[in-house]
Ligand SMILES: Nc1nc2c(ncn2[C@@H]2O[C@H](COP(=O)(O)OP(=O)(O)OP(=O)(O)O)[C@@H](O)[C@H]2O)c(=O)[nH]1
Ligand SMILES: [Mg+2]
């Protein structure tokens, strides 16, 4: 069994403060595009967000079956806390974590990440000099423990949590071979949302 975790608990400050998760992208809320694409690669979805986002995100995901919410115990603890909350609600051995602001996420690439993760703690793309841990597959238990450890140490970046794990690193060449560089694009600003709309 495979689970998808969509992380959406951020404040969208670079987007101007309105929740980018439910921002309209060519007629469809961005998180709906992410959920629909990811859903085709997994057996069930967990959405992590703040409690006050549940109503608007539920509306955005209307009609999509098998969605569970895992809300932040405390808001604004960063993406590591969001991933931890999401993974705590996952029942499968492996889960794909995808940020809500990656509307071009490619389900075939997610499936490839599940394959690369087999027997390891995960598979994380590295499109440039940095890992992209916000679109990756993790073994649920070790990543959850790594997130909790990072939080205890006051580390707020996902790559701090990932550093503890034995993950396959999917290099740029392999990402390109799968035609998946657009999959990793993330939307931080309204201009980036417009740029993504051009690629749909
Ligand atoms: N649960 C939770 N998720 C977060 C938090 N901060 C960021 N995220 C999520 O992590 C992913 C990447 O974060 P960013 O691109 O920085 O998004 P953001 O924090 O909403 O946007 P900015 O405020 O502009 O940094 C997104 O899916 C966010 O929803 C947080 O404090 N809690
Ligand atoms: Mg942020």
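Every residue, even glycine, has its Cβ placed from backbone N, Cα and C.
As annotated by TrEMBL, GTP binding site applies to 7, 8, 9, 20, 48, 72, 101. The local packing around residue 8 (GTP binding site), expressed as other Cβ atoms within 10 Å of its Cβ over all shown chains, amounts to 27.
The Mg(2+) binding site annotation in TrEMBL covers 101. In the three-state DSSP scheme, residue 101 (GTP binding site) falls into the coil class. Every protein chain shown contributes to the tally, and the Cβ of residue 101 (GTP binding site) ends up with 25 other Cβ atoms within 10 Å.
Residues or ranges marked as domain 'MobA-like NTP transferase' by TrEMBL: 4-160. For the domain 'MobA-like NTP transferase' (4-160), the model gives a mean pLDDT of 98.
Look at residue 48 (GTP binding site): DSSP puts it in a strand. Around the Cβ of residue 72 (GTP binding site), a 10 Å sphere holds 19 further Cβ atoms from the protein chains shown.
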